[in-house]
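S.K.: One structure is given below, represented as structure tokens, and several questions about it will come after.
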Amino acid sequence: MAEIKVERSHDQHLLEPKEDTSSSYTRRSLAGNRPRLASLDIFRGLTVALMILVDDAGGDWPMIAHAPWNGCNLADFVMPFFLFIVGVSIALSLKRISNKFEACKKVGFRTCKLLFWGLLLQGGFSHAPDELTYGVDVTMMRFCGILQRIALSYLVVALVEIFTKDSHEENLSTGRFSIFKSYYWHWIVAASVLVIYLATLYGTYVPDWEFVVYDKDSVLYGKILSVSCGVRGKLNPPCNAVGYVDRQVLGINHMYHHPAWRRSKACTDDSPYEGAIRQDAPSWCRAPFEPEGILSSISAILSTIIGVHFGHIILHLKGHSARLKHWISTGLVLLALGLTLHFTHCEKHLAFWSNSKQSLFSYHILQTQKCFAVMPLNKQLYSFSYICVTSGAAALVFSSLYSLVDILEWKHMFLPLKWIGMNAMLVYVMGAEGILAAFFNGWYYRHPHNTLINWIREHVFIRVWHSRRVGVLMYVIFAEILFWGLVTGVFHRFKIYWKL
């Protein structure tokens, strides 16, 4: 999203490869017309399109919405993909630094703008697109969000890139791991982040806590509910250290009040769809939880560092095959590591029992095995296994797009995504956050529900397909994603971009 403006720099170009010199791509590079890395723009556009898809169609298609807790659905890939793209953009845009102070000033200014837009759009001030009001009680303002997480990752990784620029050479020495050695400071920071995250996650004692129910539709509105914990190292919804840190630092009133766990079986009979919370549901089902909180955002820095590494590959490996070999192998290793952490951890239990027909002192031993994830895939916690799986997936998607677009030059079939990717902040604010839809909803006929957008969704899509689920999906694909692809295409024609 906001990181699209990092690549606005004229320095972000795909370095010309030394192989395949007969290709038209290479001829253009050698002629001086060095093209942008089109696959990165398309990847960014694809991620923005996925965000719109899962946000606006996920309510009717819960298998693509965020997993209620453990697991990884399509929506859970969006944030790591953005952070991965931020990392690649940082490496390319900061490959040449003439003045570190000026570079730091630009990074700091862009970070502040990301924080401003994040608070404005997701802090509660904007009620778009469904409500025609605005404003927020500052005592209930949400502090964290998507852009805030991107801002933190961008700030940390960009500063590391700037201040370690003198510690390595532009051309690496030969060797399989020379690129890791050259950028060792990045991996020291990554290891430090991981140690801090894991130590806090598994070592923090989480005491009992309580909260006030602010849902006006609940019969418990205004009541104080308590949650029993008193544990250490738990990764369940009520008693994890991620939520505890946010409650202590942010304050529970400044956290997200509609967490995905409300769609879990423990909370509603309509799971995996959204529904009324059961009367006998645990108290934590009504509690706030911040999916973009402090500790999980610290962990998210790792996704950006991995992206920076892929950007460094572009800078230092000149051949297409060498780049793809490194990217694909790294992606497969990350995928394997993440899935291994999620699926393969078992504990053996011994149960002693006696047969009443035999002597009371004659016991039999029954061995049972209980398997659970030592580091489950969890977007809410931004677990290490989740980082590995989503970063590995990002690596494979990016490698595929690079092959199709920058090597085979199949660019025309991806033009709408490329246009969205080059103007991603515009699409995020006006489309994903519903600002343009709110403008049209402000013009209604007799009742606020009778708007042009609702009429198009109902009569042009849902009734035509005779299915709400299919109709909503088609509406999001054609009336939202394709619409923004065409709009950004017009903007691209006239060189209009939302710079951040």
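Keep in mind that glycine also has a Cβ here, set from the backbone N, Cα and C atoms.
Caution: TrEMBL annotation is automatic and unverified by curators.
This is the feature table in TrEMBL:
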- 1-21: compositional bias 'Basic and acidic residues' (COMPBIAS)
- 36-161: domain 'Heparan-alpha-glucosaminide N-acetyltransferase catalytic' (DOMAIN)
- 1-28: region 'Disordered' (REGION)
- 37-54: transmembrane segment (TRANSMEM)
- 74-95: transmembrane segment (TRANSMEM)
- 107-126: transmembrane segment (TRANSMEM)
- 146-163: transmembrane segment (TRANSMEM)
- 184-205: transmembrane segment (TRANSMEM)
- 294-315: transmembrane segment (TRANSMEM)
- 384-405: transmembrane segment (TRANSMEM)
- 426-445: transmembrane segment (TRANSMEM)
- 472-491: transmembrane segment (TRANSMEM)
S.K.: Please report, as numbers and ranges, the same-chain residues at least 6 past the borders of the transmembrane segment (74-95) whose CB is under 8 Å from any CB of it.
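M.R.: For the transmembrane segment (74-95), the list is 1, 3-4, 6-7, 9, 11-13, 37, 40, 43-44, 47, 50-51, 53-55, 58, 63-67, 103, 146, 149-150, 153-154, 157-158, 161-162, 165, 292, 300, 303-312, 314-315, 377, 379, 386-387, 390-391, 393-395, 397-398.
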S.K.: DSSP-wise, what's the residue breakdown of the domain 'Heparan-alpha-glucosaminide N-acetyltransferase catalytic' (36-161) into helix, strand and coil?
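M.R.: Helix (H, G, I), strand (E, B), coil: 82 helix, 2 strand, 42 coil.
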S.K.: Sequence gap of 6 or more, Cβ distance under 8 Å, 3 or more pairs: do the transmembrane segment (146-163) and the transmembrane segment (37-54) meet that?
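M.R.: Between the transmembrane segment (37-54) and the transmembrane segment (146-163), which are separate recorded stretches, there is no contact, as judged by 3 or more close Cβ pairs.
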S.K.: Within this structure, do the transmembrane segment (37-54) and the transmembrane segment (426-445) have 3 or more Cβ pairs under 8 angstroms, counting pairs 6 or more apart in sequence?
M.R.: yes
S.K.: Between the transmembrane segment (184-205) and the transmembrane segment (472-491), do 3 or more CB pairs sit under 8 angstroms, pairs being 6 or more residues apart?
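M.R.: Counting Cβ pairs under 8 Å (6 or more apart in sequence), the transmembrane segment (472-491) does not reach the transmembrane segment (184-205), since there are fewer than 3.
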S.K.: On average, what pLDDT score does this prediction assign to the domain 'Heparan-alpha-glucosaminide N-acetyltransferase catalytic' (36-161)?
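M.R.: A mean pLDDT of 92 is what the model gives the domain 'Heparan-alpha-glucosaminide N-acetyltransferase catalytic' (36-161).
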